[in-house]
Amino acid sequence: MGSCASSPEEVAAAAHTRELDKQIRAEADLSVKSVKLLLLGAGETGKSTVLKQFKLIYGVGFNEGELKLYRATIILNVITCVKTLVAAMDSLRIPYGFDPSTVDPSLLTREEVIASEAPSPNKASRESGMNGRKDPMALVAASLYEDLNKPPEEGDGPRKPSAVESAARFIKECDITFCFGSDNVCPVDMADAICLLWKDTGVRYCISRANEYQLMDTCTYLINEYERILSAEYKPTDQDILSSRIMTTKVTETKFKVQDLIFRVFDLGGQRSERKKWMPYFDDVKAIIFLVAISSYDQVCFEDNSTNRSEFLILELLLSDLLRFNSNAYLAVTESMVLFNTVCNHAMFKTTAMILFMNKIDLFREKLSKSPIVEYFPEYGGENTFDRGTEFFASLFTLLNKTPERKIYVHFTWATDTNQIKKILTMVNDVILSMSMSNMGLL
């Protein structure tokens, strides 16, 4: 009888073939059991914060390398916030030490007369992007700022800066490279300068006008914690990480398991320069979570206030019963509407579950009393309440959907609140799981 023994080469080839077959079956099985989910939205809407919540809620967590990066990032965020405030004090013409509670009412009355001769709040707000603010308190602050900063009279020496002004100058000129070192230890003189500035009433007033410039939403939280964050022993908490800000400049993928499905979540950068990277990730998308910062209804767009007039015309046609846009007023929420119109009605997403997170409801609720919706959207006829306001803005987005048989799932979210996001993600997962099982023929 002849020998049937295989050569070592044949045995190795057969083993390699079996391994390839195993990998192919595993990949095919994964494609059936996985759900591809995109996080989309304009810049500064909270996409990365939601992704962090996914990691915390579904047990992915953060590795040592990520924690080290977050430590440096959070320290840098604190200093960046303070630098932003110092710059805004000059651009808004607010003097250090300015305290609105001590302003003589007669000064406000005088400035109110001046303000009444200026363009109406609606027109000024929408045409100038809030750079032409004419409220009496702002005018009083600007007048005091000019008095303090006018050139000295002939024969007089320069005015000696106050301790807070000296701290501001130090922050303007300070070196922040220590944030990226191995120790990340903040110099004592920098911590002292931050302490002085944070206690200043003028700086606190500047924060109340944050819709007129670009300030991190979590600035108050971070600077309130500056002593802990700037200490040599600092270790980021989950809340610190959720409150941190890193501009997304690359596509990141996070995987986690829910029941029998593997979720593959892609966080795509929202800035305009990053959107050209989106297209390669549009294949086989089961669901999109699109984030809108509902609190941005009174804020200028993060990047710039120029846009193609044709984009406004398209929105006007779609929302003709609700809204008329002024092309000179490009608010951040308008940027989100333009982008959502493109994503929602993209040919590749006609059967994709569209989930709309109207995010930052905590800030939206706080803003209503000092920034009435009607000042920025004169067509709004409802009461200036949380419920009516959220309903109005949600309708602006859902009406952009050109596929009536597809439902837009709307959720009002507070991305840094883990308990609230956990409940909402449970509802979102139920929708996605149901659709995925239906597509697999299991329902």
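Note: Cβ is positioned from N, Cα and C throughout, glycine not excepted.
Now, the feature entries from TrEMBL:
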type: BINDING; residues: 44-49, 242-248, 267-271, 359-362, ALA415; note: GTP binding site
type: BINDING; residues: SER48, THR248; note: Mg(2+) binding site
type: REGION; residues: 114-133; note: region 'Disordered'
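Each of the binding-site residues GLU44, ASP362 was scored by other CB atoms within 10 A of its CB, and the lowest score goes to ASP362. Of the listed binding-site residues, namely SER48, ASN359, the sparsest CB environment within 10 A is found at SER48. For ARG245 (GTP binding site), other Cβ atoms within 10 Å of its Cβ number 20. Summary: among the binding-site residues (LYS47, LEU242), the fewest other C-beta atoms within 10 A of the C-beta are counted at LEU242. Annotated pair ASP362 (GTP binding site) and SER48 (Mg(2+) binding site), C-alpha to C-alpha distance, rounded: 18 Å.
DSSP assigns ASN359 (GTP binding site) to a strand segment in the three-state reduction. Taking only the Cα positions, the spacing between ASN359 (GTP binding site) and SER48 (Mg(2+) binding site) is 12 angstrom.
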